[in-house]
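Per TrEMBL, these features apply:
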- 1-57: topological domain 'Lumenal' (TOPO_DOM)
- 1-20: region 'Disordered' (REGION)
- 58-78: intramembrane segment (INTRAMEM)
- 59-77: transmembrane segment (TRANSMEM)
- 79-90: topological domain 'Lumenal' (TOPO_DOM)
- 97-114: transmembrane segment (TRANSMEM)
- 112-138: topological domain 'Cytoplasmic' (TOPO_DOM)
- 134-156: transmembrane segment (TRANSMEM)
- Ala143, Val144, Gly145, Glu225, Gly226: S-adenosyl-L-methionine binding site (BINDING)
- 160-202: topological domain 'Lumenal' (TOPO_DOM)
- 163-183: transmembrane segment (TRANSMEM)
- 203-224: transmembrane segment (TRANSMEM)
- 224-243: topological domain 'Cytoplasmic' (TOPO_DOM)
Amino acid sequence: MAGRPRPGGERGPAGGRREAGPRWWPRDCCSGLGGLEYSEVDVTAMARVFSYVDVTDSGFIAAVLSIAFNPFFWNVVARWEHKTRALSRGFGSPRTACYCLGTVILLLNCVRSHCFTEAMKSQPKLEGLDSHWAYYSGLAIMAVGTLFVISSFLALGFTGTFLGDYFGILMEAKVTCFPFSILDNPMYWGSTAVYLGWSLMHASPAGLLLTAVVAISYTIAVLYEGPFTEEIYRQKQKGAKSN
């Protein structure tokens, strides 16, 4: 979805994505973690966050389900369309079908954001984050994330963002302009940054935990989408050479 790379960057989800040359997918989706050694991570802070979060709360569960459902939905529907062309036939053209799916994805993202916010409101704040420095830090992170999301969308266009390659709407060249020039999958990680900033602004440990769920869901989406999208463009190259 929003957030996946095209032969020029992301897919546009979430998430966007391709490397130079014939390889369209990032070398290492976790390279931004700088080779983090998980055995050395201090889990004390995370344990403290968990002590503030009621993971059995219905609002929290709804938020987790909405976060997990979105990338699952758009990947299943897009692969089904790529295999059957059912949406393209039903809507009369691949472009119209892609616009309709993109609209549904946007609506689902609105539902996800609503559930995320309601889950934060229903859970206690973390005293150490309920301060001006945390609020303005969150605001800055949210602004950067929004910049990544909007600039990714402008670079890719609607069909480039919302799975157009699964509909046969392929980009001609790799997107190399900002933000793809500095980050793989800027749509996905920009969205994650927005949720992180929003959580800090609300001093919400529940929000921080849900942001981790967002990051995990996008990481899985990247790993799942990458080889498939790569194959779409590999077939395109083969067809061009045979002609």
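Cβ coordinates come from backbone N, Cα and C, glycine included.
TrEMBL: automatically predicted annotations, no manual curation.
Overlay of TrEMBL annotations on the structure.
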{"residue": "Ala143", "record": "S-adenosyl-L-methionine binding site", "Cβ contacts under 8 Å, 6 or more apart": "Gly197"}
{"residue": "Val144", "record": "S-adenosyl-L-methionine binding site", "Cβ contacts under 8 Å, 6 or more apart": "Gly190, Ala193, Gly197"}
{"residue": "Gly145", "record": "S-adenosyl-L-methionine binding site", "Cβ contacts under 8 Å, 6 or more apart": "Trp189, Gly190, Ser191, Thr192, Ala193, Val194, Tyr195, Leu196, Gly197"}
Listed stretch, out of 59-77, 97-114, 134-156, 203-224, that has the most CB pairs under 8 angstroms to the transmembrane segment (163-183): 134-156
All-chain count of other Cβ atoms within 10 Å of Gly226 (S-adenosyl-L-methionine binding site): 20
Chain residues in Cβ proximity to the intramembrane segment (58-78) (below 8 Å; excluding those fewer than six residues from its ends, i.e. six or more beyond): 1, 13-15, 87, 101, 105, 108-109, 111-112, 115-116, 118-119, 122-123, 162-163, 166-167, 206, 210, 213-214, 217-218, 220-221, 224-225
Intrachain residues whose Cβ lies under 8 Å of the topological domain 'Lumenal' (79-90), provided they are six or more past its termini: 97, 100-101, 166-168, 228, 232
Residue distribution over DSSP helix, strand and coil in the topological domain 'Cytoplasmic' (112-138): 20 helix, 0 strand, 7 coil
